[in-house]
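Before any comments, here is the structure.
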């Protein structure tokens, strides 16, 4: 029996299962307590129980396996991992572990891990000789992540404009600069769907910090990947803990040569949370930002890299501007030069209800010649020369109308060549 499978089972089915095992009064209990009771009963009959989760090591040396369903929040059904197991398998925070567990004994509160079967979806022996993330060699992104799906839908238009304006590669550190109500969340959903469709081999994680609960639900239903969220009614310390868990998990997977993509909405809110949590240093920048507060969100964003030894970590984050808050401007200014791809959304275009509201002339990718063929690059540059003299709204309307006539960007370039 598997703890994770039970967590995904509806309560009504759990109650039926519990009653068939001879348990009583289940209808009045919380879901976690029902799972607890079922597993205890199951273990009494001498059968094995299995569980998995992402390890968080606490200051005392022991750790717990947290579940992604509860966005890595501490809960009663976490699995205890002893310090000896952590030392033996050289485990670190963020390792995804699955194995055999046992129910709590008298006086204990948590399930405990008995035997480690897998570390990061790999045998435990293989995890011992991996290179630490900090020692891997970072390179420029050189393998393209295509967004275009080629189905001719209106959603695909956004992906195609993105491919033309600022191509994305594996290991990109991208910043989507957006004023409020310019369609940044829709753009992220679009990117997530394109990645799931075109690149199923990549591990996709969507991290929503300080977002509205209904947007979290919408994202979970639309995206085929792991959606981890901390909504705006949660304290800043919770935002920070969730972000740290996600980035640590991503680093551990990159050490195992996986391609990981994190979509973060938004880095501004994350930086605000760090600003609240960090102890006051006494030096305060403009807008009330503590001088030490931006070090950790920069470390988060700076983790994105293409790795020479294999694997990559791509982070595409949104940054808010024009919110009327001086702090947001300062945070954006700090992050401005750090990314190697920038996509600017425009309030003016969005107000005219032209989507995607991308400011084509200001968007772009550094070293885009590594991601595209020489021929494609020439065509993209010619397109920029045509679009540059137009105003931002006219440019976007012109591009969308022309793209709508064709199904793929290759067809669009052919049409451009003929005309």
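Each Cβ is built from the backbone N, Cα and C atoms, and glycine gets one as well.
Over in Swiss-Prot, the protein carries these features:
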type: BINDING; residues: 169, 170, 171, 172, 173, 174, 181, 182, 183, 184, 185, 186, 212; note: ATP binding site
type: DOMAIN; residues: 48-123; note: domain 'Rho RNA-BD'
type: REGION; residues: 61-66; note: region 'RNA-binding 1'
type: REGION; residues: 284-288; note: region 'RNA-binding 2'
type: SITE; residues: 326; note: site 'RNA-binding 2'
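All protein chains included, residue 326 (site 'RNA-binding 2') registers 13 other Cβ atoms within 10 Å of its own Cβ.
Between the CA atoms of residue 185 (ATP binding site) and residue 326 (site 'RNA-binding 2') there is a gap of 22 Å, rounded to the nearest whole number. If you draw a 10 Å sphere around the CB of residue 173 (ATP binding site), it holds 23 other CB atoms from the protein chains shown. When DSSP labels each residue, the region 'RNA-binding 2' (284-288) comes out as 3 helix, 1 strand, 1 coil, counted as helix, strand and coil in that order. When the Cα atoms are compared, residue 212 (ATP binding site) and residue 326 (site 'RNA-binding 2') turn out to be 22 Å apart.
For residue 183 (ATP binding site), applying a Cβ distance below 8 Å and a minimum sequence separation of six or more within one chain yields 345, 350, 355, 356, 357. Listed in sequence order, 347, 350 are the same-chain residues six or more apart from residue 181 (ATP binding site) with CB atoms under 8 A from its CB. Neighbour counts were taken as the number of other C-beta atoms within 10 angstroms of each residue's C-beta; across the binding-site residues 169, 171, the minimum falls on 169.
On a Cα basis, residue 326 (site 'RNA-binding 2') lies 24 Å away from residue 173 (ATP binding site). Take the CB of residue 185 (ATP binding site) and look out to 10 A: across all protein chains shown you find 19 other CB atoms. In this structure, the C-alpha atom of residue 169 (ATP binding site) lies 32 angstrom from that of residue 326 (site 'RNA-binding 2').
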